[in-house]
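Feature annotations, courtesy of TrEMBL:
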DOMAIN    54-255  domain 'Peptidase M12A'
BINDING   His156, His160, His166  Zn(2+) binding site
ACT_SITE  Glu157  active site
Amino acid sequence: MLSLKTAGNYLQNIHHALGLLTSEFNLHDLRPFRSPDEPYVEDDIAYDSEAERNADPCTAHGCMWPKSADGKVYVPYVISRVYSESFATREVAIIERGLKSFHDVSCIRFVGRSNQRAYLNIRSLNGCYSFIGRHDNGQDLSLQRSGCVYHHTVQHEVLHALGFHHEQKRSDRDQYIRVALENVISGMEHNFDKIHTLNQETTYDYGSVMQYHRYAFSKNNQPTMVAIPDPNVHFGAAEEMSRKDIIRLNRLYKC
């Protein structure tokens with residue numbers, strides 16, 4: 001019989017092993033059951049329109065949040081009242097802790113919105129997702145209450161909102177990760193497309209909070225990504241931003 005401590009560790013390990021597979025992946029392109037006020041979502045990336053999927057949102061909208069005269073980057077936000085219906089202390093505390101974690105390591109400052117036009121609208125919608133970079137109007141950052149309100153998920157989606165893509169989409173990805181498309185669910189191959197990324201003079205980071213699990217989008221319980229040259233390297237279970245995540249953030253925003 002398992003002790004409480006052993007059982008707790010087991011459940012924690014299961015959560016990390018599943019990683020973003022259960023709490024973050026939105027497996028259906030442009031989900032047919034989205035509500036009218038939700039954006040188009042593919043994986044955990046949001047778009048204003050279906051046509052925008054073919055463009056880099058950072059290119060289309062201007063990715064970065066502006067820096068103020070005092071050297072800080074102020075990002076206004078609103079947290080939906082839905083998180084106050086129950087477990088308010090826990091859920092709001094996790095979200096606010098995730099936001100504040102950026103204050104401790106960068107010049108990013110999240111501030112409650114007053115009347116700013118551009119801001120993060122943190123809501124419990126259908127899944128965990130965010131737009132890439134800053135948009136002119138309030139932009140949804142979805143943290144569905146059932147499965148998304150975790151520290152690493154908050155950081156992951158916020159990094160999207162600050163302009164960052166998934167680690168496995170890096171332009172130099174093939175030097176560090178072999179993608180096994182034969183194991184990928186049909187129609188989900190695009191999630192492994194490489195894009196032109198600003199890697200901020202850092203090497204590939206298996207420990208990035210933006211790195212997906214090795215079984216992401218697997219159709220047969222076989223790995224869809226394998227580390228190179230050591231296939232035994234584990235990845236995709238980060239509990240928080242890595243050192244390289246923080247370095248890239250500070251270099252991008254010249255903190």
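Using N, Cα and C of the backbone, Cβ positions are placed for all residues, glycine too.
The shown structure was predicted, so the numbers you read here are calculated from the model rather than taken from an experiment.
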Ask   = Roughly how many Å separate the Cα of Glu157 (active site) from that of His166 (Zn(2+) binding site), to the nearest whole number?
value = 10
Request  = Determine the minimum-neighbour residue: among His156, His166, listed as binding-site residues, which Cβ has the fewest other Cβ atoms within 10 angstroms?
outcome  = His166
Request  = Give the number of CB atoms, excluding that of the residue listed as 'active site' itself, located within 10 Å of its CB.
outcome  = 25
Request  = Have a look around His160 (Zn(2+) binding site) and count the other CB atoms within 10 A of its CB, chains all included.
outcome  = 23
